[in-house]
């Protein structure tokens, strides 16, 4: 009788069903850019990023503040009237306004780094050309072109924001104000030496040097990993994050970078979507008002020094000018800055950093909205205090505090705007806000340099009222970004 052949039996023990074997059957680990940035943490890369991208503020401050220190000189050289001097500043900000939107839109579509480089090349080229201006008309046109280029400098802030871990944004971004302060002090100090000796044309040439140097330094900073992911270029994003991890002597998260690409990037309609409509409108109001107050303070400081509009001294100045002199026969008011005037401008400019420690504490502990509403309210108060009849020291003190407050306002709104919008529309959000901001900057010269001469109190009340509106708008913003991760998509 044939024996029945038995089939071999495979036995699986319970020990073979271990957690490790079950884990291997699951999907591989993944991570997002936000998780990678937080895992890598803060390190040497971010210090280099802070120094290079922060220095864009030096170049921007020098180009913007240049008008305040050059205005008295060109007023005398070309025999300009008040409205002509004001028009120079207005046209600079007109160029800024138009190109701010354009650069923001292009940065969301083609990259932050490319637009930043283009804007610096543009600005340096036209700034150098300005120094050869043969007439007032050419000067206005070329400075307008400089304003167009400077509008792209905001991409430096966006790159910093997108690379910084969440808990460091509230500390590192306000510290960038140090670079703006350095640029402002540098241009005032240079003007005090260069203007009386070799002239304003050489001042403009020297002022363009920091921007040219920065163009060479940009090669050390990569394109934003968040932007690369939004375009579907995951490989470039991973390479950037790995480079940062090596520089910081840190590690990447385990797994694969997975984040959906977005075809809808840099669309103006997204800013007015129901989710962001109220936020966008209130941000625009705040940007407009802050810029109006900021450049109002800068230009008013120069005007108060140049024309002596405090405590009735205007009448005395007019009596002196009414005498038979060459200056009284001129349709313009020609008065160059004295060394003491430059000293006063330097002291008031130092105010921009005075409240920085308190501003950082407010941003990180009270939140962006409450901190901004408090500083805007105080700005309104100090504008009114300028009407108090006081000594030169008292005037410097008020200007010092005003510069500190308007600087704190700008710090906070810059951070808030960069944090509240997602990556797909962050540059456009900054661009449109910067554009609306320049409307305030365009109006400010006519208030500080024209209306202030006719009605000192009226001009101060106008500045104060705008600040109050901004304080209310800041307090009622619908989204608080303190401790909030950056959003990748809408």
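Indices start at 1 and increase along the chain as displayed.
Even glycines carry a Cβ here, placed using N, Cα and C.
Pulled from TrEMBL:
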| type | residues | note |
| --- | --- | --- |
| DOMAIN | 49-482 | domain 'Major facilitator superfamily (MFS) profile' |
| TRANSMEM | 47-71 | transmembrane segment |
| TRANSMEM | 83-106 | transmembrane segment |
| TRANSMEM | 171-194 | transmembrane segment |
| TRANSMEM | 281-300 | transmembrane segment |
| TRANSMEM | 345-363 | transmembrane segment |
| TRANSMEM | 454-477 | transmembrane segment |
Across the domain 'Major facilitator superfamily (MFS) profile' (49-482), what is the average pLDDT of the model, as a whole number?
83
Out of 171-194, 281-300, 345-363, 454-477, which stretch touches the transmembrane segment (47-71) the most, going by CB pairs under 8 Å?
171-194
Under a criterion of three or more Cβ pairs within a distance under 8 Å and sequence separation of at least 6, are the transmembrane segment (281-300) and the transmembrane segment (454-477) in contact?
yes
